[in-house]
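J.: This is the structure, below, for whatever I ask next.
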Amino acid sequence: MRFALEKRPAPSRLMLGLTPLFAVIATMLAGGVMFWALGANPVEAIRTIFLDPLFDPTFGAYSRPQLLVKAAPLILIAIGLSLGFKAGIWNIGAEGQYIIGAVVGAAVGLAFYPTESRLIFPAMVIAGALGGWAWAMIPAILKTRLGTNEILVSLMLVYVAENILASVASGVLKNPEGRGFPGSRNFARDYPAASNLELLPGTGMHWGVVAAFIAVIAAYVLMTRHKMGFSIRLTGEAPRAARFAGVNPTRLVVFSLGMAGALAGMAGLFEVTGPAGQISIDFGSGYGFTAIIVAFLGRLHPVGILLAGLLMALTYIGGELAQLMLGMPAAAIQLFQGMLLFFLLAMDVFANYRIRIKTREAA
Amino acid sequence: MTDALLTLEGLTKAYPGVVANDDVSFQIKPGEVHALLGENGAGKSTLVKTIYGLVKPDAGRMLLNGTPFAPANPRAARAAGVAMVFQHFSLFDALSVAENVALGMDDPPGQRQLGARIREVSEAYGLPLDPDRTVGDLSAGERQRVEIVRCLLQNPKLLIMDEPTSVLTPQEVQILFTTLRKLAAEGTSILYISHKLEEIRNLCEDATVLRLGRVVATCDPREKTARDLAEMMVGSVLHQPEREGGESGEVLLEVTGLSLPAPSDFGTPLREIGFTLRAGEVLGIGGVAGNGQDELLAALSGERPAPPGMISLRGRDVGRLRPTARRALGLLAAPEERLGHAAAPEMSLTENALLTGDVRERLSTRGFIHWGKARDFATRVIERFDVRTPGAETAAGALSGGNLQKFVIGREILQKPDVFVVNQPTWGVDASAAAAIRQALLDLAETGAGVVVISQDLDELMDIADHFTALNEGRLAPIRPARGLTIEEVGLMMGGAHDMDVADENAIAEVQA
């Protein structure tokens, strides 16, 4: 007896829409087993991750605003990634673009320290976006000029970016008044003109959240109303038809990698000037990689990404809570997030294929 | 009657929304070449799949040599002596002939023994094949031989052939027919599916005509005219393309010395292609598939840019221009492959209308799409070209081949091209849709446009082309006026029998003895 996958002639739209939900449920079940194996009460662990951040009377007030703080960079990066993913251009290096955006933006801000001007923060945002864009242009140009694989190049550049970060955090961007500790001046605390603070107290709403919402709306308009969005979808669904239609593949690669890089760079800048506060060696927190999960969990659709970003932010906060309350190791939480992508992809396979059990027939 | 090899009794098979076969009954006698005729969607494939064990009928039964025959799968059908040559070859380019044959057999003998058998059988039937050659290097005709020899090695009693001549030159067709007649003479029955009526009149002794899943006629095709047969298939009087031979006008498209390397390992390079196309002219380019048709279309549509000085439209060099820029200047194209090339299968007809209609129909401003206008354009195409579909929001992939082809051709024609290049305009399209498409192409030429029709269907080219040439291994034969060309001349322009070894008469005689 053996199993065979057989393509469904027409996968139902309902199934495809529901797979993220099934994936979340499957993750809860498998995650529960994992937490149980780690010696925790699985029901309590799941509740700590998914419900306590929102409804716990003690932690809720702290963790509810965190939801937007964590979701904003994820959504911003995932929106950018989804453009390329839809066209079959695989930018895996958003983490690097995020780091470089933060470094470049921060450098611009620090260059003006301690000048106070309303223009400084916008200038930093633009610099951050340009930094991320430039970092993404490396795989884009190598791909269009030399035909290299953007997956490998963008991924490897993450490690380059991390080394640049470590170097500048203890080098050129180091706080001269920091008593020799690595890390830049703290924007949130020491430099009001360059800080990205809460816009409405108690909500977690900062400029990054605003940018994320704008990105969602802009991406929706781009994908449904604009030729560029049409070209992206066409290239993803039927590459030959796209070439026939006259889509310029080079422009598409440059656009989608560039947009992803710029948005990731902006996300990095909003993070370094707000929640993180400063350039430090451990600034890269994996948002760039988690955003890949967010993009797929959201079905590469702007609204889906918005919801998926919030859900993923919830697992981040809930995960921290689980570490704190239940003593779960940090790796268990990462595993839990990884499971979500794994189950989503597995559910997708079942939505598109059915399993047939084949018995060896007598000849 | 017990003298029939295969008897079908009341076979019925329904799919959701459509009855593919409705009470189909007929008989195939031993040693006869039996034609199965019908438009696309008439139920030919379903019927053949039933015989070959790929489809289980809802009702009815089959008798093979008088005993009930209900193959559960193709392997059972093969064991019972039914073999099939599919329209699309299932061969691996990178493997040798013998390896490919072995892959299709239920229990293949050793390679050396198999090689000897392939040589023996292929020569006996006038289809010489070298078992050690790599399939990727073979011509379409030779690939088909591999498929046929694979079937013959199993000593079939019934050989099913699905549209076997669509990839052959006239000379190659003659070789194939000789083989089939010989097989029939030895007692093998052949079920021959085709829409090429002249071939059927030439080859078959009996014909069953299907329409909308039912048997509408059985006849001896030799006693009918091609027109009679076509009308039986369609069920109405067929519209013949007609045109008034117009004077050709100014030169619109001029191609000189167009050479491009092959786009991939198994593609064909274009070699020194040159022709001029005048206003009002229809240039027919024949040739067997895989001789550079796709590459020529890509070079003309702008998918693959050409070096400067090779393609000029109204005296302007357009070789470096991309498809959108060429469209803006009036050079439009429709590729052969409907799904995935001319149209995106999962996108709606509206989106597919936008795919090529954007520039000339002004469906967007500054990149922002006017979906309303795109929908109107799609609707106009649907109405003018009689595309049967629930509406413009239907996915292109949900349309039947003929309807999608009408949409694809109509989409370009309604944009009023100056030059229209089309590859295989009626491939896999039913007779009435094909007639409508041919008429539309002629009407377009009538309005002063130049039309290049690349096609494997020689009858079609002879019907509509003013000038004829053929592609052979990426080269274009000298252009000749279409009127007065004999089929032999056309065949030679297409490359004759591609230097395939013709069977050694002695070997045939030896086997027959």
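Each Cβ is built from the backbone N, Cα and C atoms, and glycine gets one as well.
Keep in mind the model is a prediction, meaning the values are calculated, not measured.
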J.: Looking at A:46-68, A:276-298, I want to know which stretch TrEMBL calls transmembrane segment.
T.: A:276-298
J.: The transmembrane segment (A:252-270): which same-chain residues, six or more beyond its ends, come within Cβ distance under 8 Å?
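T.: For the transmembrane segment (A:252-270), the far contacts come to 72-73, 76-77, 79-81, 83-84, 87, 89, 91, 94-95, 97-106, 124-125, 127-137, 139-141, 143-144, 150, 154, 196, 206-208, 211, 215, 228, 231-232, 235, 287-288, 291.
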J.: Look over the recorded stretches A:69-89, A:119-142, A:276-298 and say which has the most C-beta pairs under 8 A to the transmembrane segment (A:205-223).
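T.: Counting Cβ pairs under 8 Å, the winner is A:69-89.
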J.: With CB pairs under 8 Å as the measure, which of the listed stretches A:119-142, A:276-298, A:332-351 comes out on top against the transmembrane segment (A:69-89)?
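T.: Answer, by Cβ pair count: A:276-298.
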J.: Which of A:96-113, A:119-142, A:151-173, A:276-298 has the most Cβ pairs closer than 8 Å to the transmembrane segment (A:332-351)?
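T.: Highest pair count goes to A:276-298.
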J.: Against which stretches of its own chain does the transmembrane segment (A:276-298) lie, if we need a Cβ under 8 Å and a gap of at least six residues from its ends?
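T.: Contacts with the transmembrane segment (A:276-298): 20, 23, 73-75, 77-79, 81-82, 85, 92-99, 102-103, 106, 158, 161-162, 165-166, 168-170, 173, 175, 182-189, 264, 267, 304-309, 311-312, 316, 334, 337-338, 340-341, 344-345.
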